[in-house]
Ligand SMILES: Nc1ncnc2c1ncn2[C@@H]1O[C@H](COP(=O)(O)OP(=O)(O)OP(=O)(O)O)[C@@H](O)[C@H]1O
């Protein structure tokens, strides 16, 4: 046997014994040769198809699609995935053109590899992925359903999205979450929601309003102090909120109002993961989720040097924002229903609202957001004599409806800031007469308590209890 015979013998062995299906077709797409694996994979007999065109086999339904045909059309190597109609295998079929000396296609070599196993595994993986996605969605839906039971309204898409994101963050126990939104949009509620859905839910949720306390007191509240740290300090010293929230969540509300010195100390504490109590010499490790909230544009406060950029970056690892109520009118109906149920029960009334009142609410701007809506409905339930709240609501949401008394004229009739100031003064004065605490005033006027404190200071109105 010479070398040539040997080569032919090897080639025949390769062709016959290859686990891949092999076929050779001529330039017209006729099958010239086919090995045993190709017969097995395609579920056809070589004796029945030799000399036939692959295109006609496709027509007859013996083959799913033809790589050969595509090679002949493009003069390029082509790979396609086929599912064989007769045997049900998934094949990766590669057709390769072989050219003659004139650069015309002389024949096509077709290689068929069984990828059924890989395909099955891929489909299995896809199925598992879809399943877990479904379970994840169901879990989120479940939690969103739970919202209803917890009296949190999220009918609008933007609110749903915010809550989905909040759930995700809760699920991974994310810390350094910054919630932004106008006053009364529900930032405090969202912070509690995140805590309640995190693995830290069984531990404490501590919160502090950074706008409500003077600098020294805020520092002492946050970081605590050692005994005798300053005049008037408790004999025993006092643990700060960072320590009290250990294992749980610390919610820093109105972070935008934090005085610069406390900002510097907070930044250091976040960098070092430990706090230094006032008067202390050794640091204490901190272990709590930190959620901050603000109704301020912090970037603007950074620009005016009222807020540290480095602290903003630290706190803003996971930003969340709650849109104002006027941008999500779909939530209004559900919020109103919730309030009606609550206040009808509390004040033993059976009031209701018609579509005209709802239309009025939808058209209203709600500068005080959800807090203001709750307040309007509560006042309506209490003040209305009859069962229908419509007239009251329509009046309350009319352009001048929220004014308690007529605007006093200022010297200059076009002086808008002066007029606004006068309205604010009047409303505050009346609220102060009717309420005992700043919290009650906040409820009464539909603004936050720190805003009340600020405004009372601005108008030099006496001190009230928190
Ligand atoms: N989606 C909601 N569903 C039900 N109640 C809500 C929703 N959002 C807010 N509220 C209610 O509105 C009121 C104000 O919410 P919250 O105090 O959380 O607002 P805030 O954005 O933190 O306000 P501020 O900036 O003034 O501190 C609360 O009584 C809260 O329970």
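Yeah, the Cβs are placed from backbone N, Cα and C, and that goes for glycine too.
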Candidate ranges 76-110, 111-145, 146-180 [criterion: TrEMBL lists as coiled coil]: 111-145
Mean per-residue pLDDT computed across the domain 'PAS' (7-52): 93
Three-state composition of the domain 'PAS' (7-52), taking helix and strand from DSSP: 22 helix, 11 strand, 13 coil
